[in-house]
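Taken from TrEMBL as is:
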SIGNAL    1-18  signal peptide
TRANSMEM  59-81  transmembrane segment
DOMAIN    94-322  domain 'TLC'
TRANSMEM  102-121  transmembrane segment
TRANSMEM  162-179  transmembrane segment
TRANSMEM  191-207  transmembrane segment
TRANSMEM  243-269  transmembrane segment
TRANSMEM  298-321  transmembrane segment
Amino acid sequence: ASSLTLVIIFAALYVNWAVLAPYVAPKLPNPFEPLLFISHRVPGTSDDDPRYQKGYLDLAFIAYHIIVFSFVRQVITLHLFKPFARYFGIKKEAKLDRFGEQGYACVYFAFFGLWGLVNIATSNSYMRLKRIMSQLPTWWYRTEYFWIDYPHWDMKSELKRYYLMQFSYWLQQLIVLAMRLEKPRVDFQELVAHHLVTLWLIGWSYLVNLTLIGNAVYISMDIPDVFLAFSKLLNYLQSRYKIVSFVVFVAVWTYFRHYLNLVILWSVYSEFDLMPESSKHWDPLQGVWMVWWMKWQIFAPILLLQCLNLFWYYFILRIIVR
């Protein structure tokens, strides 16, 4: 209720300003717009293909959407999946909580995994299919374009919105873990480490204009999480299809979280020098940061992510053996 109140207050303030300001202060920008919408459009870019850069107002967008995700999480967990679980006979409160958490994870990663690949936009009165990744030269994991033409400081609007909302989600989830709103699991420490490494990757890649490789990492992590959460839901329900879903999950996880992750790691190791020579120095004002040691600063968190994935893969293989 408190998160919904805050979401509505700031949305109402934005609408109020948009309605009244033209009559009172027509030249003043709406101060609440950065909370709801992305900011820092690159001047002179066309309406057909607007481009955006990063800036301090991005922090306002992230903060507001942490509140949005707090509301969405509780609605999906408490009012959608827990009643669903009760309907199918789950009675223990601990299992109801877990079912709600996995239901939220399934919905979130399905939405953002698809958004990372496919986005439906309306244009000229017909439906037009766009993909965030396929709009980029890196589709499908053409890793050389992580580095060619660096710095990639100007972003398509969908990529920037997608990136900042992902950042908001992971920050909100870290708050959930820190406040123990979810009952700690046996892999609690590894889960915290995963969240910290993820935030490190998101924040640093955004800061140093490596959003193309960031998008590739997102997709390699989000899509298998859909199958993981769905497989857990079927297991809680004791569905006869749980074995089939688990087999599919293992195949998807292996491809995305290990094979594609290693492809990205290999690119950092072997293709880093494909970037222009003019980018291989430290000049934040020009959007370039790629001094020699940055190669290892990029390599390290992706390697840590792979180590955590291997930790969980061990548990997955143990389940297969059982």
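Each Cβ is built from the backbone N, Cα and C atoms, and glycine gets one as well.
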What parts of the chain pack near the transmembrane segment (59-81), using Cβ distances under 8 Å and only residues at least 6 beyond its ends?
3-4, 6-7, 10, 34-39, 99-104, 107, 164-165, 167-169, 171-172, 175-176
Predicted model, mean pLDDT over the domain 'TLC' (94-322):
84
